[in-house]
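Summarising the annotation, TrEMBL assigns active site, N6-AMP-lysine intermediate to A:K123. Annotation comment: TrEMBL describes A:D31, A:A32, A:E33, A:Y34, A:D35, A:S80, A:L81, A:R144, A:E180, A:K299, A:K323 as NAD(+) binding site. Per TrEMBL, Zn(2+) binding site is recorded for A:C432, A:C435, A:C456. According to TrEMBL, the domain 'BRCT' annotation covers A:734-812.
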Amino acid sequence: MTPDRKIAELSALIERYNREYYVEDAPTVPDAEYDRLLRELEALETAHPELRAPDSPTLRVGGAPLAAFEQVEHKVPMLSLSNLFSDMDAADFAARHAELVAFDERVRRELGVPHVGYAVMPKFDGLAVSLVYENGVLVRAATRGDGATGENVTDNIRTIRSLPLRLTGTPPARLEVRGEVLMLKKDFERLNAAQLAAGDKPFANPRNAAAGSLRQLDARVTATRRLSFFAYAIAEVEGAPWPATHQGEIDYLVGLGIPAVPPALRPVVDDAAGLAAYYEAILAQRATLPYEIDGVVYKVNQRAQQDKLGFVARAPRFAAAHKFPAEEALTTVEAIDVQVGRTGALTPVARLAPVFVGGVTVTNATLHNEDEVQRKDVRVGDTVVVRRAGDVIPEVVSVVLARRPMRAVPGADLFSPAEVALHDAWRLPGQCPVCGSHVVREEGEAVARCSGGFACQAQRAQAIRHFAGRRMMDIDGLGERYVEKLVDYGYVHRVADLYRLTLADLVAMKRRADAEDSGEPQDDSAPPEDLFAAIDDKTPTRWAENLLAGIAASRRPPLARLLFALGIRHVGEATAKTLADYLGRLDYVRRAPAALLAALPDIGTVVASSLADFFAEPNNEAAIDALLEAGVAPADEHVPSAALVPLLAPERLLARLGVPRLTETRAAQLASQVGTLASLAVLDRRAVIGLPLPAEVVNALADWLDEPANRAALTSLATLADELADAAPQGEDGAAQPFAGLTFVLTGTLPTLTRDEAKTMIEAAGGKVAGSVSKKTDYLVAGEAAGSKLDKATALGVKVLDEAGLKALLAI
DNA sequence: CTCCCTCGAGTTCT
DNA sequence: CTCGAGGGAG
């Protein structure tokens, strides 16, 4: 027999045994026989590498480990489901039923039909993945990621024995399947037993175990964990008809050999009562199911009706998740600490007696702010109900007042001062717990802040940590712990100091830190030789070299990241990008007055003055200068965007100067009369009063100009605006911005472009992409399965383009 | 002035 | 993930 025939035969046999074992749960051969066949196949493939098939069972044992997961873009975005009844007391049967009636009514009203069928299914507590089969062969698997881009985990997914590497029956040319990777309860228990036996830490719950296994860079490790996959939808099918119903989709996938829940667990129901009955039935079965679930999912069964309902923001309107009430537990509040954030925000945190809830042990829970503590009246010593909100963030739900410690002390009707302090209502301290500066709470704001600013050790450490973070300067190896130590020991006072650290500094710091952290608790018991052995080790030097390399590598960040890294209040990733895109150079951002910044899209008065104030503060100026001196400089500075020029029109700037009574309309009239900002700046009081505008307006303007600082600000604003306009691309380059001032809305799936690509193209041409259609929308770009946005656009008379139309418009 | 949506900020645990 | 604030549209 030729090797290729032999390989094909072995592969088929092994996959059949696989199915028997993992899918049908009825093995026909002993494990030893299976292993023997697999080894034989492996040997043959090693001898004839060119004959290794893309669906060979040997792929299931994993190959060489990866350095990192590759990013992959989802052709069809992976959406999340909106949650029914997210914050109500879902334990109440009647309320639950009422909500289901409302959901069903909404759907029927939107569709204009008397009755809708819903395909219902358990909601798995696992990880969503997307699988691509081409001509029946599994070619790619990706995690959800942010919905648009995920990680390529193909090697790991191939190790899932119950998942076919080649589809059975007649597979379509291309098939994209959405489903959940999870670990069955029994596999989880077995894994944890093995972990314990090997002296490794057990996983907290099946979900974590599945996540940890799927995220292994070495697929050989994943192969030793037993993961499962359950399909819940088709994202795309080519070369075969797309089933007309959701239930049909699942049946079709099962027919191709892809696992899904048994039909009894995924019926179609036809009204709110059916949804309710299904919810109650699954809730009752929850403990007996072989996997963890956290609720149920309702989907409109007919695909035609799904398309009609369309999408809102990032969630389909034809589907909803109905989560089970979060598991709750009782514990006690041992202390209420106050944390100081990067912006000085003081956050009370409840330190709790450890309690296992929702799959993890919780010891901390944020109390958000003083009002929240007061509203719930949480006190030290209280017994509280804790749950994990959205199954992630621990939350104190309420206080069990009946269990509040009695103040009564036996034999007395008074109680000791200590008792009083322990059980009194909690109040935020008037001083910062770290630096002692006084605490201020702005009128109408929920958060209280430490006024220490730069002087506060906590704020400084947090600011430096923020600076080094992954989405900012991305300094490899500089974690929270070491930032704190560097600040504590005085090596780093401001961010520029990072760039002056030496090898010796870092080694000394690490030794001290390690000695403090590990040595302290067992200082006396540890023999001195051990300590020396640790210090003599080469590791601190290697670690320090790596960190220095990381710091050096961060010297040329994109401007947007540098701006974000500075930690200016109200300036996050998006605002930093706006600033970088429009102004192009750090110097322009630093010099821009608030009125100019407020002329940029999505920047209003609050953000603009936060920026202007930041750059005017001498400490900050010095810190930035020091950074530049240390060799930190944005790598991508460019001339201001051509789209900036229309934003700097005199009337826009005038309206943003903060002159009393100078509204947008008045500013436009004023601009047409004086022409430029510079000419207004030189007008004397009489000339201003003489302008043909209402007396109250000209008087307010004249008063404002009488203030020398204001007049100077106007002059410098005029100068900078002119400078920016001159520096921006002119004439022909300006024509490269055919979409300047136009607003687009995207809907549906475009044939070749992803949403992100289309957005980038539009923005590159100077256009703006908005989320929803309104009268101000210039064009709607509609793709396949466009929903309500298309209807609205038609109703409002907004022009509708397809992808070809968009490209044609760009080409002009 | 009142919605609605996006962005920023803070937080937990593995 | 959730809350609150800011920005912009109606």
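Just so it is clear, glycine is given a Cβ too, placed from its N, Cα and C backbone atoms.
For the binding-site residues A:L81, A:C432, A:C456, the greatest number of Cβ atoms within 10 Å around a candidate Cβ is found at A:C432. A:K323 (NAD(+) binding site) has A:K123 nearby among the recorded positions A:K123, A:C432, A:C435, A:C456, counting only those with a Cα within 10 angstroms of its own Cα. Distance from the CA of A:C432 (Zn(2+) binding site) to the CA of A:D31 (NAD(+) binding site) is 65 Å.
Looking at A:C432 (Zn(2+) binding site) and the residue listed as 'active site, N6-AMP-lysine intermediate', their Cα atoms lie 45 Å from each other. Among the recorded positions A:K123, A:C435, A:C456, the ones whose Cα sits within 10 Å of the Cα of A:E180 (NAD(+) binding site) are A:K123, in sequence order.
The residue listed as 'active site, N6-AMP-lysine intermediate' carries a strand DSSP state (E or B).
Taking the binding-site residues A:D31, A:E33, A:D35, A:E180 in turn and counting surrounding C-beta atoms within 10 angstroms, the largest count is reached at A:E180. Within 10 Å (C-alpha to C-alpha) of A:C456 (Zn(2+) binding site) lies none of the recorded positions A:E33, A:D35, A:L81, A:K123. Each residue contributes its Cα atom, and for A:C435 (Zn(2+) binding site) and A:K123 (active site, N6-AMP-lysine intermediate) these two points are 48 Å apart. In three-state terms derived from DSSP, A:D31 (NAD(+) binding site) belongs to a helical segment.
A sphere of 10 angstroms centred on the C-beta of A:C435 (Zn(2+) binding site) encloses 18 other C-beta atoms. If you compare every pair of Cα atoms in A:D31, A:A32, A:E33, A:Y34, A:D35, A:S80, A:L81, A:R144, A:E180, A:K299, A:K323, the residues listed for NAD(+), the longest distance is 45 angstrom. Every protein chain shown contributes to the tally, and the Cβ of A:K123 (active site, N6-AMP-lysine intermediate) ends up with 20 other Cβ atoms within 10 Å.
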